[in-house]
Amino acid sequence: MSADPFSLHGKTGIVTGLANADSIAYGCARALHQAGAELLLTYGSPKADKHVLPLAAELGDAEALLCDVQEDAGVDALFARAAARWDKLDFLIHSMAFALKDDLHGRVVDCSREGFALAMDISCHSFIRLAKRAEPLLKEGGTLITLSYYGAEKVVDNYNLMGPIKAALEASVRYMAAELGPRGIRVHAISPGPIKTRAASGIAHFDQLLESAESRAPLRRLATSEDVGRTAVYLASQAGSGLTGSTTYVDAGVNVRA
Ligand code: NAD
């Protein structure tokens, strides 16, 4: 084992949710690759091919697979590939969310039954499904990480439907940590501040959220996907071996303000 507690040399992991170079998943993949990990990357839409494949090539020629979490065949193929390629898996990053625009832009009180179920399936239950599939491959224990947001905890204007969904995701993290901890599997949510990405552009008045976060942050800057990536390295490496079940804010400190 490396003397560096942050090293991921000899470790293998799946990073889901790449759409383009702005994706938080890409920030994670870059940092995990720099720390020495071998990666399988996934992207949710065939349209992302042209953005994701060149990024994968920069990450030690990481393999990139199309995997829509709503399609079992794609998820089967992902874990079959991981099992064929590696003796064991060490971590999985779940970095995806989706809500229909009408539901996302309206009041929580008005969101449709179908829209709520769809957002919950892709943004929350998919983490549970992927964890179940990863469990047998995490033979020496490991780390499962998902991405949440402060709107899970407090009402953030325009975050709407995603607030209750992220709250369910963070609660799932705690239950999964309790269930999987005895097997040495650690489960975390990372909660970044606002970062300009494709998914974020679906939130109304997102620019105002960015401006407010930057001015209110104790560090007087926005968090970046690189910041998130380094935190993922910490949580997935030996350095984070005593932690599980947490929601770790990577938001330049915004969450400490009243
Ligand atoms: P992004 O658009 O780069 O990534 C979102 C990803 O979700 C895309 O790759 C998309 O393909 C994927 N996705 C959507 N539906 C899918 C499906 N059915 N199957 C598989 N993948 C699917 O945006 P991002 O901001 O990097 O989002 C990543 C995560 O970070 C999300 O959970 C988001 O809620 C969370 N987050 C983002 C911010 C922010 O400000 N950007 C802040 C806190 C948390």
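Here the Cβ of each residue, glycine as well, is placed from N, Cα and C on the backbone.
Lifted from TrEMBL, the feature list:
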- Gly17, Ser23, Ile24, Asp68, Val69, Met96, Lys166, Ile195, Lys196, Thr197, Arg198, Ala199: NAD(+) binding site (BINDING)
- Ala99: substrate binding site (BINDING)
- Tyr149: active site, proton acceptor (ACT_SITE)
- Tyr159: active site, proton acceptor (ACT_SITE)
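Taking the features listed in TrEMBL, we show where each one sits on the structure.
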| residue | record | DSSP class |
| --- | --- | --- |
| Gly17 | NAD(+) binding site | coil |
| Ile24 | NAD(+) binding site | helix |
| Val69 | NAD(+) binding site | coil |
| Ala99 | substrate binding site | coil |
| Tyr149 | active site, proton acceptor | coil |
| Tyr159 | active site, proton acceptor | coil |
| Lys166 | NAD(+) binding site | helix |
| Lys196 | NAD(+) binding site | coil |
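A separation of roughly 23 Å, to the nearest angstrom, links the Cα atoms of Tyr159 (active site, proton acceptor) and Val69 (NAD(+) binding site). Around Ile24 (NAD(+) binding site), taking its Cβ as the centre, 30 other Cβ atoms fall within 10 Å, counting all chains. If you measure from the Cα atom of Gly17 (NAD(+) binding site) to that of Tyr149 (active site, proton acceptor), you get 16 Å.
The Cα atom of Tyr149 (active site, proton acceptor) lies nearest to that of Lys166, taking the binding-site residues Ala99, Lys166, Arg198 as the candidates.
Around the Cβ of Val69 (NAD(+) binding site), the same chain contributes Thr16, Gly44, Val75, Met96, Ile122, Ser126, Arg129, Leu130, each under 8 angstroms and 6 or more positions distant in sequence. The active-site residues in question are Tyr149, Tyr159, and the one with the fewest Cβ neighbours inside 10 Å is Tyr159.
Each residue contributes its Cα atom, and for the residue listed as 'substrate binding site' and Arg198 (NAD(+) binding site) these two points are 13 Å apart. In this record, NAD(+) is bound by Gly17, Ser23, Ile24, Asp68, Val69, Met96, Lys166, Ile195, Lys196, Thr197, Arg198, Ala199; the longest C-alpha to C-alpha distance in that set is 23 Å.
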